[in-house]
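Chemist: Sharing the record's features from Swiss-Prot:
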- H118: chlorophyll a ChlzD1 binding site (BINDING)
- D170, E189, H332, E333, D342, A344: [CaMn4O5] cluster binding site (BINDING)
- H198: chlorophyll a PD1 binding site (BINDING)
- H215, S264, F265: quinone binding site (BINDING)
- H215, H272: Fe cation binding site (BINDING)
- T2: N-acetylthreonine (MOD_RES)
- T2: phosphothreonine (MOD_RES)
- Y161: site 'Tyrosine radical intermediate' (SITE)
- 29-46: transmembrane segment (TRANSMEM)
- 118-133: transmembrane segment (TRANSMEM)
- 142-156: transmembrane segment (TRANSMEM)
- 197-218: transmembrane segment (TRANSMEM)
- 274-288: transmembrane segment (TRANSMEM)
Amino acid sequence: MTAILERRESESLWGRFCNWITSTENRLYIGWFGVLMIPTLLTATSVFIIAFIAAPPVDIDGIREPVSGSLLYGNNIISGAIIPTSAAIGLHFYPIWEAASVDEWLYNGGPYELIVLHFLLGVACYMGREWELSFRLGMRPWIAVAYSAPVAAATAVFLIYPIGQGSFSDGMPLGISGTFNFMIVFQAEHNILMHPFHMLGVAGVFGGSLFSAMHGSLVTSSLIRETTENESANEGYRFGQEEETYNIVAAHGYFGRLIFQYASFNNSRSLHFFLAAWPVVGIWFTALGISTMAFNLNGFNFNQSVVDSQGRVINTWADIINRANLGMEVMHERNAHNFPLDLAAVEVPSING
């Protein structure tokens, strides 16, 4: 009888836990995805803060030339970064227990791999948690779909690109200047500026910013005034009110006359879908571009594509970009190799004929 009571009590505790996890009445929804999201993001955040402050230099290129990234080793907020895991480790799974000592783990950049893998798992669970909460509330799933764009972008630079290049040392450093360095080296090695998917991503991000500013300014300019001239127009809105807060007909008429009639939306739902879809699709394409360039399917190469009647090259902007790429490639990892990879790959002529 005692055993039966204990089993019922344990089932009751489990049931209460399940109800609490999935309850939409909590101040912050947890959900089953949140059970995994919370510890992974806490781990990634904690290790990032500690490593950014105090991690020792990391042998990123695997040539016994450590690079300092933490504040206590001479960096500031701008120059500081979590240095990627050493090229000597490559793509190996490198937890603390795989190293001979903590010092070795730190020297080989173990914190980077720990942070990145926990972070990617955490943000993927955050996306799942968005879907889960939408499902519980009877909402459509588009919030999670929109969030999939930055998740895909992060996965591309932190996981797919290192896999394609063969080492976590090629991943994006976790810092401001490290991000810029990653971008410059990426351009040098893959000519990303000439890749159509990157162009679509630029159109998505800048276009999304433009459309957001246009929409916000149109709405703000066509508010239905509920207050006097001496009060803020914002005071005329009450949370949950059924009435429209702005005159979409006026906004539609203004924009239609400013550009042309069919440039303006007359359906609020299709308008907001467009505002969400434009940047999301653009960032999806950017992530896809990074993922293809990870395996060296690079941007277009129009070098020396224009010649005169004598066969002399007429330089185009593509040739200027190529010259800049060579300069950037020469300068990065300058002690790891003597020549840019594309120059070193040229077949050497035979001396003996």
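The backbone N, Cα and C atoms fix where each Cβ goes, and this holds for glycine too.
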Chemist: Please name which of the recorded positions listed here, H118, Y161, H198, is nearest in space to H215 (quinone binding site), Cα against Cα.
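Modeler: For H215 (quinone binding site), the closest Cα among H118, Y161, H198 is found at H198.
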Chemist: List the recorded positions among H118, Y161, H198, S264, F265, H272 whose C-alpha is within 10 Å of the C-alpha of D170 ([CaMn4O5] cluster binding site), in sequence order, or say none.
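Modeler: Cα within 10 Å of D170 ([CaMn4O5] cluster binding site): Y161.
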Chemist: Count, for each of the recorded positions Y161, F265, the other C-beta atoms lying within 10 angstroms of its own C-beta, and report the residue with the smallest count.
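Modeler: If we count Cβ atoms within 10 Å for the recorded positions Y161, F265, the smallest count is at F265.
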Chemist: Of H118, E189, H198, H332, E333, which is closest to S264 (quinone binding site) if I measure between C-alpha atoms? They're all binding-site residues.
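Modeler: Nearest candidate: H198.
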Chemist: Please find which two of H215, S264, F265 have the most distant C-alpha atoms, given that the record lists them as binding quinone, and give only that distance in angstrom, rounded to a whole number.
Modeler: 11
Chemist: Between the residue listed as 'chlorophyll a ChlzD1 binding site' and H272 (Fe cation binding site), what C-alpha distance do you get in Å?
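Modeler: With the alpha carbons as reference points, the distance is 33 Å.
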Chemist: Given a Cβ distance threshold of under 8 angstroms, which distant residues of the chain, six or more beyond its ends, lie next to the transmembrane segment (118-133)?
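Modeler: Hits for the transmembrane segment (118-133): 24, 29-34, 36-37, 40-41, 43-44, 47, 139, 141, 143-144, 147-148, 150-151, 154-155, 158-159.
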Chemist: Thinking of Cβ pairs under 8 Å, which stretch from 29-46, 197-218, 274-288 has the most of them with the transmembrane segment (142-156)?
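Modeler: If we count Cβ pairs closer than 8 Å to the transmembrane segment (142-156), 274-288 scores highest.
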Chemist: Nearest to H272 (Fe cation binding site) by Cα distance: which of the binding-site residues E189, F265, E333 is it?
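Modeler: Given the candidates E189, F265, E333, the nearest one is F265.
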Chemist: Taking the Cβ of H198 (chlorophyll a PD1 binding site) as the centre, how many other Cβ atoms fall within a 10 Å radius?
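Modeler: If we count other Cβ atoms within 10 Å of H198 (chlorophyll a PD1 binding site), we arrive at 22.
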Chemist: For each of the binding-site residues (H118, H215, H272, H332), count the other CB atoms lying within 10 A of its CB, then report the residue with the highest count.
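Modeler: The residue with the densest Cβ neighbourhood is H118.
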Chemist: Cβ within 8 Å of the quinone site centroid (H215, S264, F265 excluded): which residues?
Modeler: M214, L218, A251, H252, F255, L271
Chemist: I need the CA-to-CA distance for H332 ([CaMn4O5] cluster binding site) versus Y161 (site 'Tyrosine radical intermediate'), whole Å please.
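Modeler: H332 ([CaMn4O5] cluster binding site) to Y161 (site 'Tyrosine radical intermediate'), Cα-Cα distance: 18 Å.
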Chemist: Here are the binding-site residues: D170, E189, E333. Which has the lowest count of other Cβ atoms within 10 Å?
Modeler: E333
Chemist: Among the recorded positions listed here (Y161, H198, F265), which has the Cα closest to the Cα of E189 ([CaMn4O5] cluster binding site)?
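Modeler: Looking at Cα distances from E189 ([CaMn4O5] cluster binding site), the smallest one goes to Y161.
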